[in-house]
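TrEMBL annotations:
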{"type": "BINDING", "residues": "Thr110, Asp136, Asn166, Gly167", "note": "S-adenosyl-L-methionine binding site"}
Amino acid sequence: MSCLRVQTKAFTKGFSMPLTRLFSTGPQLFQAETDTKFTDFGYKQVPEADKEKLVHGVFSSVASSYDVMNDAMSMGIHRIWKRHMINKLDCGMRASSGEPLQFLDVAGGTGDIAFGLLDHAKEKYGDTQSKMIVADINADMLKEGERRSKKTVYADSPRIKFMVQNGEKLDAIPDNSIDVYTVAFGIRNFTDKQAGLNSAYRVLKPGGIFACLEFSKVQDPVLDYFYQIYSFSCLPMMGQFIANDRESYQYLVESIRKHPDQETFANMIRKAGFYVPGKGYENLTFGVAAIHVGVKL
């Protein structure tokens with residue numbers, strides 16, 4: 001007999017009617033409280049149902065200054081990291097193929113990875129046919145990407161589509177329809193990262209490539225000490241100065257610390273079903289960021 005049942009029986013002894021009659025909402029209230037699932041929002045614990053709304057608020061706040069934010073958080077190196085990932089993937093329709101690629105850039109609202117991938121395909125392989133879907137849960141970020149696209153050769157092009165999508169579900173993306181899935185500085189904000197990885201596996205074609213660029217864990221403890229001082233002391237203050245928004249930058253710094261380390265995240269990618277070559281990741285700038293790669297066999 002459970003402890004709860006013993007206590008209930010002791011408490012109800014002497015009453016002529018059942019406990020559920022005396023306190024008719026008690027069991028339901030207790031059940032509702034125990035059913036609430038919590039997750040991290042930076043260092044805070046919040047109900048899972050609330051995190052999406054909270055993250056949406058952060059990125060709506062920083063959408064117009066997103067590149068400035070990444071410049072602050074990476075000391076300007078994020079542009080080099082993104083270019084390195086694009087070159088590493090080396091994607092583009094080969095002349096011998098004749099079949100255009102279908103790219104999907106998740107949490108890619110501002111479009112810099114998307115534009116970079118299409119540019120690389122054209123410049124290296126003469127590929128002017130492959131198509132791109134830019135998916136983001138935040139419509140404000142997508143609007144920023146569409147605004148920027150007007151200044152590129154992809155302005156009003158049928159080759160690029162901006163789509164509001166939850167990266168954990170991707171319910172508008174068919175199974176086995178994507179050749180290359182990328183996500184840069186986005187997956188750490190997912191409520192359920194494993195669900196996001198599972199969806200990536202679902203939408204990719206057999207042979208398709210998953211690539212994730214994300215802030216990670218600095219490997220050297222001395223360097224990490226100084227990096228944390230910079231992150232927690234300087235970045236929120238810079239957020240206040242740059243965007244008049246200290247809280248969003250504080251969350252973004254905390255979200256980096258809460259994101260799984262390189263080995264743990266590589267194993268999550270394996271768990272989703274991907275073949276992970278070698279150790280599965282490449283550290284960038286001593287592990288401040290890392291590129292993770294998986295292949296759907």
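Backbone N, Cα and C atoms are what each Cβ position is placed from, and that goes for glycine too.
Feature map: TrEMBL annotations on the structure.
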| residue | record | CB count, 10 Å |
| --- | --- | --- |
| Thr110 | S-adenosyl-L-methionine binding site | 25 |
| Asp136 | S-adenosyl-L-methionine binding site | 27 |
| Asn166 | S-adenosyl-L-methionine binding site | 18 |
| Gly167 | S-adenosyl-L-methionine binding site | 26 |
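Residues listed for S-adenosyl-L-methionine, Thr110, Asp136, Asn166, Gly167, cover a largest CA to CA span of 16 Å.
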